[in-house]
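Below is one structure, written out as structure tokens; comments come after it.
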Amino acid sequence: MTHPDQKPWILGLTGGIGSGKSAAAQCFTNLGIDTVDADHASRWVVEPGRPALEQIAAHFGKGLLQASGELDRGALRKLIFENPEQRRWLEALLHPLINQEIVSHLAKAKSPYAILVSPLLIESGQYRMVQRLLVIDTPAHLQIERTMLRDSSSQEQVEAILKVQIQREDRLRHADDVLVNDRDHAWLNSEVERLHHFYLTLRGGQS
């Protein structure tokens, strides 16, 4: 963890697929809090012209590139999902680069605290960048329903993703704060506002 007197201090925000991480992060953004999304950073590091994209194409073949020169993220996701060894190779390449992007963007934050949004906050070790950790928790049946609706995925596809994500109990064990997102957006917004006012009272993310 970084020094507790760092300004702004960093809140980690995570949760499983379909938990409402992005919706919660948007609520914080609407309150004037700077956020950095690890998913966005993972896209930046594989943009055309970046060294990581060249290494991926050399390793997996240029069939993973679209006609525009951009990475076919869907094809890559399918390939590594079916091959753990290749997934580990990709993670070893990308995680350090993604973390560099995250640190660079967090350093530009001007709000009283900033947020790192990441679905793999715990698994990737990114939790070491934050002073406090908020988990967006949602019952599994709602995760499945929301993801099927959002991504037009089958129940089997969503359940397969849930199986490879960190177990809910492990995620909750790392949490300083838990927001159970099992109601409507108005309720989510009110809970984020409550947490926001609490976070404004903290120094370095600590009471």
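Count begins at 1; order follows the chain as displayed.
Cβ coordinates come from backbone N, Cα and C, glycine included.
Residues annotated as domain 'DPCK' in Swiss-Prot: 10-207. Feature annotation from Swiss-Prot assigns ATP binding site to Gly18, Ser19, Gly20, Lys21, Ser22, Ala23.
Swiss-Prot feature annotations superimposed on the structure.
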residue	record	Cβ neighbours (10 Å)
Gly18	ATP binding site	23
Ser19	ATP binding site	26
Gly20	ATP binding site	22
Lys21	ATP binding site	24
Ser22	ATP binding site	17
Ala23	ATP binding site	15
What average pLDDT does the predicted model assign to the domain 'DPCK' (10-207)?
92
